[in-house]
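Engineer: One structure is given below, represented as structure tokens, and several questions about it will come after.
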Amino acid sequence: MKFVILLLYYYSPEVVLNTKLETSDLRWTSYPNDDQQWEEVSGLDDESNSVRTYQICSPDSANSYWLRTRWIPLRAETVLYVEIRFTMMECSSLNFRQCKETFNFYYYESPTDNATLTQPMWIENPYIKVDTVAADHLLRRGGERRSNLKTLRVGPVGSRPVGSGPGVSGPGGSGPGGSGPGGSTRGVYLAFQSQGACMALLAVRVYYRKCPALLHSFTRFPETIPHTLVQQAQGVCVENAVTPPGEQRPPSMLCGEDGQWVGMGIPSSSCACRPGYEASQSQLRCRACPSGQFKAVPGLAGCILCPANSNTLIPGSAYCLCRPGYHRADSDPPHLACTRPPSCPRRVVSQLNVTMVTLEWSEPVERGGRSDLTYSILCYYCPHNQVCLTCDDSVLFQPAQRGLTQRRVLIWGLKPHTTYSFTVQSRNGVSPLSQSEPASQTVNITTSRDAPVWGVRKMMSSESSLTLEWSAPSSPSHLPHYPILNYQTRYALEGSDWLYILSDSSSIVLSGLQRSSHYRVQVRARSQAGYGAFSPATSFSTQPEEGHTHLFVIGITATMATFLLVVMAMSVSIAMKVYIDPLTYEDPGEAVREFTREINPSYVKIEEVIGAGEFGEVCRGRLRAPGRKENYVAIKTLKGGVTDKQRRDFLSEASIMGQFQHPNIIHLEGVSTSPSSPTMILTEFMENGALDGFLRLNDGQFTTIQLVGMLRGVASGMKYLSDMSYVHRDLAARNILVNANLVCKVSDFGLSRFLRENSSDPTYTSSLGGKIPIRWTAPEAIAYRKFTSASDAWSYGILMWEVMSYGERPYWDMSNQDVINAIEQDYRLPPPPECPVSLHALMLDCWQKERANRPRFCSVVSALDRLIRSPASLKITHPDGAGSSHPLLDQRRPPPLSLCGSVGEWLRAINMSRYEHSFLQAGFTSLDTLITVDTHDLLRVGVTLAGHQKKILSSIQTLTSQKAPPTLPF
């Protein structure tokens with residue numbers, strides 16, 4: 001809303017000369033001095049007022065007679081307007097041939113009053129001619145006396161920069177219309193030239209126009225003198241007003257040549273009352289917010305009351321201070337109420353299973369007035385008769401140790417026979433601002449792996465049964481003894497699968513056994529601490545056959561064998577779940593119905609658009625199905641006007657996703673295909689979005705073990721997909737989603753971009769009839785479109801590089817063709833900054849040129865688990881990381897082993913150069929120091945992969961034999 005005083009828009013002229021107001025002689029200069037024709041006399045104007053005038057009458061002479069005014073000082077460069085009132089005699093009544101009825105009007109600019117009788121010369125140059133003035137009304141002898149009024153435009157004048165003096169500065173100066181600091185003096189002379197005229201100058205009025213000072217929209221604009229068609233004027237905000245955020249320049253307005261503000265006085269931008277101030281009743285000034293009210297941002301909005309649990313101390317406050325014990329998080333806007341940390345979690349319950357414990361608890365009574373409630377777990381282990389210590393990295397938490405939103409955590413990696421103390425803290429967004437520790441509740445547990453049962457013995461046997469007995473286990477004296485709940489016995493024929501049975505006592509009868517057969521038997525006990533270890537396997541035999549024919553035995557044996565084969569075949573068929581391509585269905589809608597759940601659109605509430613997909617918008621919303629808890633979901637919508645094929649392609653992703661059930665695969669909630677609403681695919685909502693953007697947003701904020709945990713989650717999901725014979729073909733950090741607990745899940749199972757050429761995404765490049773992401777794709781897939789789990793392993797290596805570089809673009813600004821050429825020449829990405837040697841080694845394994853040499857995802861998961869269990873191996877890093885100009889690693893074939901003269905050359909010769917820095921850092925600086933290297937040494941330098949250990953040790957043996965001195969033939 002704009003406010004303005006309209007009365008200030010009208011221009012006000014500034015008069016610099018008006019002969020009608022002169023009361024004494026004008027004393028203007030005439031030329032020639034020796035033949036002065038201009039005569040100053042007193043006369044009467046049209047209103048019969050006495051005025052000073054000049055007159056001349058030389059109709060019989062063609063000579064030039066000049067009359068020059070006094071020097072007229074000017075405040076600034078401007079355009080002058082000269083009003084001339086005069087009379088002119090008609091030449092016909094004078095009867096002279098040289099008579100004229102016109103006169104010429106000139107001006108001459110001068111910085112000072114320096115004109116003389118001879119200078120400047122009385123000619124057109126240096127004088128500047130304005131016009132030849134003709135009379136509209138001529139006088140005749142005895143006729144009516146009528147005067148003429150002419151207004152002439154002069155300039156702009158006063159543009160020459162001169163010395164200092166009084167006046168107003170121009171643009172860029174300290175006042176309106178000036179030209180420099182301190183102002184400058186300018187001036188002008190006006191001149192009249194008669195050549196045979198008989199006339200009288202009754203009055204001369206000289207003025208210029210200026211735009212008046214203006215107060216508008218909390219902005220003051222100064223008085224401005226225009227010297228062009230429009231003159232820009234800079235405004236200044238009134239007291240306690242500021243230029244709003246986003247405005248590039250202070251407010252300005254345009255002053256027109258006619259002395260009026262251009263455009264109805266609306267400035268290019270406006271000022272607004274600063275935070276803590278609001279517009280006064282006049283709407284032109286700003287006043288302070290009263291106590292108990294505030295205003296957070298500049299603008300036209302008024303002050304508002306302080307939110308709950310806060311108040312202001314002084315007027316003019318931009319925010320309200322929280323009451324003691326209450327806080328406002330940095331991310332909270334000022335209008336939200338102050339909140340406090342939550343109370344402690346309630347009813348923490350532990351469920352112990354040997355060296356694994358599950359903690360569950362109830363929500364705090366008081367959430368502190370916030371919705372961002374999270375939980376953190378503090379872990380301490382307490383050795384016997386020693387001070388409790390903080391748990392090390394070997395103790396793992398699922399889904400996470402900190403930032404939990406659910407009230408359940410699984411903890412494993414605990415030491416047996418050890419007392420642990422777990423503290424569950426409740427936190428919210430203001431907990432870091434509190435002076436006290438977060439409210440918490442502690443639970444103590446003692447891990448125990450009960451000693452195995454012992455003394456399993458046979459008490460009785462028959463043709464089809466065994467009666468067995470054993471001794472109960474015992475525990476160390478310093479640990480609490482948990483009572484035995486029951487026993488689990490497993491038994492099997494030699495070469496067959498185990499069968500399991502429970503008993504409440506330390507004896508059991510195994511029935512339904514085969515005659516004259518040997519059975520392996522093991523027993524373990526279960527207590528509150530979980531299952532103990534199985535006892536050593538013991539073999540027992542049933543009694544031989546009695547009174548049965550050999551043929552009957554053969555028949556029974558054949559029947560049992562057939563039965564076992566059928567059971568085994570059924571178990572295999574159940575376990576081997578395989579992915580089914582929706583394109584194999586004649587009716588793609590059948591795949592949707594088979595693998596997805598139809599959701600009524602009335603159960604779905606879309607809240608906001610969070611992105612755009614290939615087929616439409618991606619939204620966040622809520623799913624509230626009957627009998628289920630309301631939860632957030634991500635919603636992909638299908639835009640209108642699509643073809644049937646595009647709709648089938650859209651739903652194909654749901655048909656694929658619906659076949660997967662894994663904690664590291666994005667979960668499909670269902671689809672909505674109702675014709676009364678847009679087609680939708682609903683998945684679980686991942687709060688942190690895509691992994692690449694999440695890492696770039698949190699650059700350097702995670703520990704190496706956290707990054708490895710993310711990689712382990714992705715690898716676990718890819719192992720599941722590989723086991724189901726599904727090839728992803730677009731594995732990259734952009735297609736990994738991260739939830740609030742930092743759990744990474746594989747997503748984006750759409751087929752469309754691989755089937756069409758018209759995709760606009762620059763990440764995907766045309767290749768053999770489809771679009772593929774060059775930087776993430778294995779060379780055989782680029783060249784021959786040969787996609788396999790091995791090509792997914794290549795992509796996983798690129799994803800590892802993205803994670804360890806916090807979302808850096810692979811191969812930086814290289815073109816796609818340069819990337820292809822570099823890979824074909826066996827160049828590979830270097831390690832990112834501070835990347836552990838062992839992780840980069842795993843990347844290089846994934847980038848093996850021969851796809852058969854790349855690790856399977858089950859091996860990747862195992863390798864990452866070993867690294868997580870051995871955090872020390874993650875502390876060995878390369879001395880230099882990758883950068884925008886870092887060279888790619890040369891993986892081309894090295895020289896023969898016999899030519900190696902250093903540890904680095906030897907490692908390059910066996911394609912193990914990734915470990916060079918680690919070997920040198922560990923003290924292996926020459927080939928002679930390698931003789932004593934064993935597996936323990938390799939683990940110490942970060943060689944955790946069994947294949948690499950075997951290769952290095954074998955090469956050391958070969959190298960030692962080549963270096964040995966030859967044997968003399970004595």
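Every residue, even glycine, has its Cβ placed from backbone N, Cα and C.
So TrEMBL says this about it:
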type     : residues                                                                       : note
ACT_SITE : ASP730                                                                         : active site, proton acceptor
BINDING  : ILE610, GLY611, ALA612, GLY613, GLU614, PHE615, GLY616, GLU617, VAL618, LYS636 : ATP binding site
COMPBIAS : 153-163                                                                        : compositional bias 'Low complexity'
COMPBIAS : 164-182                                                                        : compositional bias 'Gly residues'
DISULFID : CYS57-CYS198                                                                   : disulfide bond
DISULFID : CYS91-CYS99                                                                    : disulfide bond
DOMAIN   : 13-216                                                                         : domain 'Eph LBD'
DOMAIN   : 341-450                                                                        : domain 'Fibronectin type-III'
DOMAIN   : 452-545                                                                        : domain 'Fibronectin type-III'
DOMAIN   : 604-889                                                                        : domain 'Protein kinase'
DOMAIN   : 902-962                                                                        : domain 'SAM'
REGION   : 149-182                                                                        : region 'Disordered'
Engineer: Considering all pairs of residues in ILE610, GLY611, ALA612, GLY613, GLU614, PHE615, GLY616, GLU617, VAL618, LYS636, annotated in the record as contacting ATP, what is the maximal C-alpha distance expressed in whole angstrom?
Structural biologist: 14
Engineer: I need the CA-to-CA distance for CYS99 (disulfide bond) versus ALA612 (ATP binding site), whole Å please.
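Structural biologist: Given the Cα positions, CYS99 (disulfide bond) is 87 Å from ALA612 (ATP binding site).
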Engineer: Can you count helix, strand and coil residues in the domain 'Fibronectin type-III' (341-450) using DSSP?
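Structural biologist: Looking at the domain 'Fibronectin type-III' (341-450) with DSSP, the answer is 3 helix, 51 strand, 56 coil.
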Engineer: To the nearest Å, how far is the Cα of ILE610 (ATP binding site) from the Cα of the residue listed as 'active site, proton acceptor'?
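Structural biologist: Roughly 22 Å, rounded to the nearest whole number.
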Engineer: Can we call the domain 'Protein kinase' (604-889) and the domain 'Fibronectin type-III' (341-450) in contact, meaning three or more C-beta pairs below 8 angstroms at a sequence separation of 6+?
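Structural biologist: They are in contact.
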Engineer: At the level of the C-alpha atoms, what whole-angstrom distance separates CYS91 (disulfide bond) and CYS198 (disulfide bond)?
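Structural biologist: Rounded to the nearest whole number, the Cα-Cα distance is 8 Å.
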Engineer: To which of the disulfide-bonded residues CYS57, CYS99, CYS198 does the lowest count of other Cβ atoms within 10 Å belong?
Structural biologist: CYS57
Engineer: Work out how many Å separate ASP730 (active site, proton acceptor) and GLU614 (ATP binding site) at their Cα atoms, rounded off.
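Structural biologist: For ASP730 (active site, proton acceptor) versus GLU614 (ATP binding site), the Cα atoms are 15 Å apart.
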Engineer: Going by C-alpha distance, which of the binding-site residues ALA612, GLU614, GLY616, VAL618 is nearest to CYS57 (disulfide bond)?
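Structural biologist: So, spelling it out, the nearest of the binding-site residues is ALA612.
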Engineer: Other than ILE610, GLY611, ALA612, GLY613, GLU614, PHE615, GLY616, GLU617, VAL618, LYS636, which residues of the chain come within 8 Å of the ATP site, judged by Cβ distance to the Cβ centroid of those residues?
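Structural biologist: The surrounding set, listed in chain order, is CYS619, THR637.
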Engineer: If you count, for each of the recorded positions GLU614, ASP730, the other Cβ atoms lying within 10 Å of its Cβ, which residue has the minimum?
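Structural biologist: Counting other Cβ atoms within 10 Å of each of the recorded positions GLU614, ASP730 gives the minimum at GLU614.
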Engineer: Roughly how many angstrom lie between the C-alpha atoms of GLU614 (ATP binding site) and CYS198 (disulfide bond)?
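Structural biologist: If we compare the Cα positions of GLU614 (ATP binding site) and CYS198 (disulfide bond), the gap is 89 Å.
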Engineer: Of all the binding-site residues here, ILE610, ALA612, which one's CB has the most other CB atoms within 10 A?
Structural biologist: ILE610
Engineer: Determine, from DSSP, whether CYS91 (disulfide bond) sits in helix, strand or coil.
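Structural biologist: Looking at the DSSP assignment, CYS91 (disulfide bond) belongs to a helix.
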Engineer: Rounded to a whole number, how many Å is the Cα of CYS198 (disulfide bond) away from the Cα of VAL618 (ATP binding site)?
Structural biologist: 90
Engineer: If I take every residue in the domain 'Eph LBD' (13-216) and average their pLDDT values, what number comes out?
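Structural biologist: The predicted confidence over the domain 'Eph LBD' (13-216), as a mean pLDDT, is 83.
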